[in-house]
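Engineer: Pulled the feature table from Swiss-Prot, pasting it below:
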- 1-111: topological domain 'Cytoplasmic' (TOPO_DOM)
- 30-49: DNA-binding region (DNA_BIND)
- 112-132: transmembrane segment (TRANSMEM)
- 133-331: topological domain 'Periplasmic' (TOPO_DOM)
- 146-166: compositional bias 'Polar residues' (COMPBIAS)
- 146-238: region 'Disordered' (REGION)
- 167-202: compositional bias 'Low complexity' (COMPBIAS)
- 216-234: compositional bias 'Low complexity' (COMPBIAS)
Amino acid sequence: MNTEATQDHQEANTTGARLRHAREQLGLSQQAVAERLCLKVSTVRDIEDDKAPADLASTFLRGYIRSYARLVHIPEDELLPMMAKQAPIRAAKVAPMQSFSLGKRRKKRDGWLMSFTWLVLFVVIGLSGAWWWQDHKAQQEEISTMADQSSAELNGGDANSQNVPLDTSAPAAPTADSAANSAPTDTASAPTTSAPAQTPADNNAVVAPSQANVDTAGTTPAAPATTPASPLPTDQANVTTPAASAQDLVMNFSADCWLEVSDATGKKLFSGLQRKGGNLNLSGQAPYKLKIGAPAAVQIQYLGKPVDLSRFIRTNQVARLTLNAESSPAQ
């Protein structure tokens with residue numbers, strides 16, 4: 001008898017047994033308690049059997065027990081000592097482990113995201129650097145090619161300038177010929193002046209009229225020899241005053257600049273290096289195609305209007321333009 005009483009007293013000292021005893025006194029079933037508390041029947045059964053569900057936190061379990069106690073009219077002060085013996089042990093073991101695992105999982109996820117972010121950032125920086133290097137290298141190669149072409153053309157221009165004096169010596173021959181032609185004219189005119197002198201000396205001579213005729217005939221061809229010289233000033237004036245073209249292209253240079261200009265026929269109007277302070281006035285058949293090594297060093301006027309080169313100056317690139325009378329300058 002004493003053993004059975006001791007067992008009943010121990011069972012009554014547990015939280016689950018105390019709640020079951022109070023429920024049975026009120027005549028409630030586990031299903032009714034579960035419906036009123038909005039819990040599962042299995043959860044109510046675990047509470048009465050003093051079992052803690054593995055998927056249920058200790059905080060929620062304490063809340064369910066308190067709600068159950070209020071339902072069966074058991075004071076919380078009576079259940080607190082019993083809950084203190086059961087819940088703290090489980091809370092001390094489970095709660096820290098759960099928070100540690102969550103923190104470890106979150107830290108692992110954050111570390112993976114951070115690694116991926118750094119990888120993407122490095123890839124973007126690498127691609128940007130490679131693109132900039134290729135563009136810079138291409139510009140340097142193009143500028144060096146232009147410089148080589150310019151130096152080659154300058155060397156060719158120097159060779160041609162050395163041959164110019166040989167060509168200018170040719171007009172000296174016509175000058176000598178003209179001097180030779182003028183000599184007979186002078187000699188022919190000499191008898192005309194001497195003829196009047198001989199006439200008074202030989203007044204009675206019959207030959208005097210015939211000599212006068214001969215001298216007159218000698219003076220007659222002398223006039224055509226001098227007449228072709230008169231048109232020369234007129235031809236020289238025509239050469240020095242050429243007619244201005246409506247398609248003039250004017251360029252002023254504020255620094256050394258490599259330049260290449262060609263017209264619609266493909267003829268190169270200019271190709272070479274222009275020095276600081278120089279200017280060019282070109283005319284040809286539109287449209288013009290321009291290639292400028294240093295756009296910031298040149299100012300262009302086409303048909304009296306300035307050409308905008310600001311987009312090439314900002315990017316510091318070689319300017320390639322097509323100038324047309326009907327359209328605005330295009331790259």
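Cβ atoms are placed via backbone N, Cα and C, with glycine included.
Remember, it's a predicted structure, so these values are computed and weren't measured experimentally.
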Engineer: In the same chain, who gets a Cβ under 8 Å from the transmembrane segment (112-132) while lying at least 6 residues past its ends?
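Structural biologist: Here no positions qualify.
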Engineer: State the residues, same chain only, that lie 6 or more residues beyond the ends of the DNA-binding region (30-49) and have a CB under 8 A from a CB inside it; answer 'none' if no residue qualifies.
Structural biologist: 15-17, 19-20, 23, 56, 61, 64-65, 67-68, 71-72
Engineer: List the helix, strand and coil residue totals of the DNA-binding region (30-49) as derived from DSSP.
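Structural biologist: When I sort the residues of the DNA-binding region (30-49) into the three classes, I find 16 helix, 0 strand, 4 coil.
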